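Participant: What follows is a structure written as structure tokens; I'll ask about it next.
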């Protein structure tokens, strides 16, 4: 039998019997000539940043899941159920996001451009409006953000092409394309998120003591340092509130120089406070006030507070607004500061539009509008200075708030307006006859734009979400060191959520590694199994009826020779 098989094989090779040769040699040829899939194309690993997940006042916000293991699709696909929906920021809309959630998508991955500063302004404004709505809608769908690279962009385009072809083809074409197309399985490396216990929110304070008796009035200058956006690891908070912290540090530098000399040492205590947890209902400020007003007998906040100035989002725009919960009465120091702000803006910077915005505190809201409301609740005169007219402006809580959104000249100008107005109040310069158009900070005492820029660069070089800044972070130690250069008694204050009834709860798994594996669909395995079964069936029939096959081949060979 083996000799006969060898003879048949030899005759097939000599006579080039195409049908049988095709059947016998095709599988081996395909295995030999098929190029192996490059490792880079077979799998791609990239970093993803999860959407916010936190509880505030017992109310859950953001996404509640972190685990992802499902096949990729784009919005062009008709069926999104249990699929990882890829979206590019430039094509993103809230309607598409809601559609993916309604269809029970397995996950959503939003691809961000590499250079956020180059994103068109209309796209930036639209996404800033969408972010609060995304967070307000609690969802069980994992939502991730990824920064675009060439491999990820290629994955998106291939997935988009496959999704689009399925929606516009016939059933047979869809089946064929589904069987032959390449898909991508998206898998995260982390585990399910869980609550972080005993998380501390840290704040930093420092002071400049006034010259004179013990019962000197105190001016408090406050700015919260933490940033907020739809994804904590992408929250740089340049304007909100890196600009406020930059101004606070520059004011500390300027007044520390004035308080160094007896001739310019004013009869006011200056208390500087860089608060944490500002984006979470000002938790750092709340605990700081409780510690100073309820749990101690010696505090500058208990004695004689002239007013509290909160700085929030002052790095761009051509206007400044002083937000108050109660309009200041004439004859008070806070009213004098309001008038000095108006005077400096009108005479030294006429291009700046200044106004006072009055808004009552709404205790029915889960989150206070502005930081000064924390002080107003404790009956301390306070206001917030910002270039934003409304606390609902999306610029206060967006991952789009990057370094390029802060204009250096505008930040320097606003710092000068604040410093000039404070100085005129503290030293009573208007009553002493100083012309309103005469600047105080000139020559060696002028505002340093380079200093403001370097601080802004440092602040926006790292995410400052409250979930990422612990008490031992390099950011806090650097901030504390910076304040120690100019102020006395610099120290940290910590707030930890109550275990029984926590006001805030943070969750982990905010940054993960995601793998995109190139895979064939399940129907491809089915068709492949059918093809293999058919081939094996043909081979089985050929072996079982080898004598018939042998005679047929001989007859064909004889006919070929006679011709």
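Residue numbers in this text run from 1 along the chain shown.
Yeah, the Cβs are placed from backbone N, Cα and C, and that goes for glycine too.
Positions annotated as N-linked glycosylation site by Swiss-Prot, on the basis of sequence analysis: 241, 428. Annotated signal peptide per Swiss-Prot: 1-42, in sequence order. Residues annotated as topological domain 'Lumenal' in Swiss-Prot: 43-522. Sequence annotations record features per position, and here Swiss-Prot assigns topological domain 'Cytoplasmic' to 544-563 based on sequence analysis. Sequence annotations record features per position, and here Swiss-Prot assigns transmembrane segment to 523-543.
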Participant: Between 241, 428, which of the glycosylation sites has its C-beta surrounded by the fewest other C-beta atoms within 10 Å?
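Facilitator: Ranked by other Cβ atoms within 10 Å, the glycosylation sites 241, 428 bottom out at 428.
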Participant: On the 0 to 100 pLDDT scale, where does the topological domain 'Cytoplasmic' (544-563) sit on average?
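Facilitator: Looking only at the topological domain 'Cytoplasmic' (544-563), pLDDT averages out to 75.
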Participant: Please classify the secondary structure at residue 428 (N-linked glycosylation site) using three-state DSSP.
Facilitator: coil
Participant: DSSP-wise, what's the residue breakdown of the topological domain 'Cytoplasmic' (544-563) into helix, strand and coil?
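Facilitator: Final tally across the stretch: 18 helix, 0 strand, 2 coil.
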Participant: Rounded to a whole number, how many Å is the Cα of residue 241 (N-linked glycosylation site) away from the Cα of residue 428 (N-linked glycosylation site)?
Facilitator: 30
